[in-house]
């Protein structure tokens with residue numbers, strides 16, 4: 001004697017098993033894609049801040065205080081990122097070492113903080129960058 005519920009339960013069980021397997025796999029692949037993107041994004045941000053410091057007339061260096069927003073532009077070549085960064089003046093001179101850990105100046109004067117929009121192309125396989133746009137206020 002066969003049980004009709006058992007015949008229906010087996011396909012449903014298989015479906016649940018397949019769906020749960022899909023849910024487990026999907027976040028891992030998305031996480032890998034995001035990790036690959038961030039591997040190229042961080043050096044691109046550093047390039048933008050270094051370019052800002054080189055072109056600035058200020059004797060003090062600025063470093064990033066906050067990434068306000070960022071996105072990858074929809075172009076195939078090169079990889080292009082746009083980012084809105086908040087830069088703040090440090091107590092270190094421009095060409096000192098370890099600017100990435102240099103403390104910020106304490107005063108919050110008008111010239112101590114900039115909000116900048118950078119658009120930068122990156123060629124990660126040859127470690128080359130190109131600044132397409134830089135607007136600061």
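Cβ atoms here come from the backbone N, Cα and C positions, even for glycine.
Per Swiss-Prot, disulfide bond is recorded for 92-102 (among others), and the stated evidence type is similarity to another entry. DSSP assigns residue 92 (disulfide bond) to a strand in the three-state reduction. The C-beta environment of residue 92 (disulfide bond), restricted to residues of the same chain at least 6 apart in sequence and closer than 8 Å, consists of 60, 61, 98, 99, 102.
Within the same chain, residues at least 6 positions away in sequence whose Cβ sits under 8 Å from that of residue 136 (disulfide bond) are 52, 87, 114, 115, 116, 117. Annotation source Swiss-Prot lists disulfide bond at 116-136 (among others).
If you look up Swiss-Prot, you'll see 36 (among others) marked as N-linked glycosylation site.
Residues or ranges marked as N-linked glycosylation site in Swiss-Prot: 111 (among others). Around residue 111 (N-linked glycosylation site), the C-beta neighbours below 8 angstroms that are at least 6 residues distant in the chain are 58, 89. Under the DSSP three-state reduction, residue 111 (N-linked glycosylation site) is assigned to helix.
Swiss-Prot lists 1-31 with the feature signal peptide.
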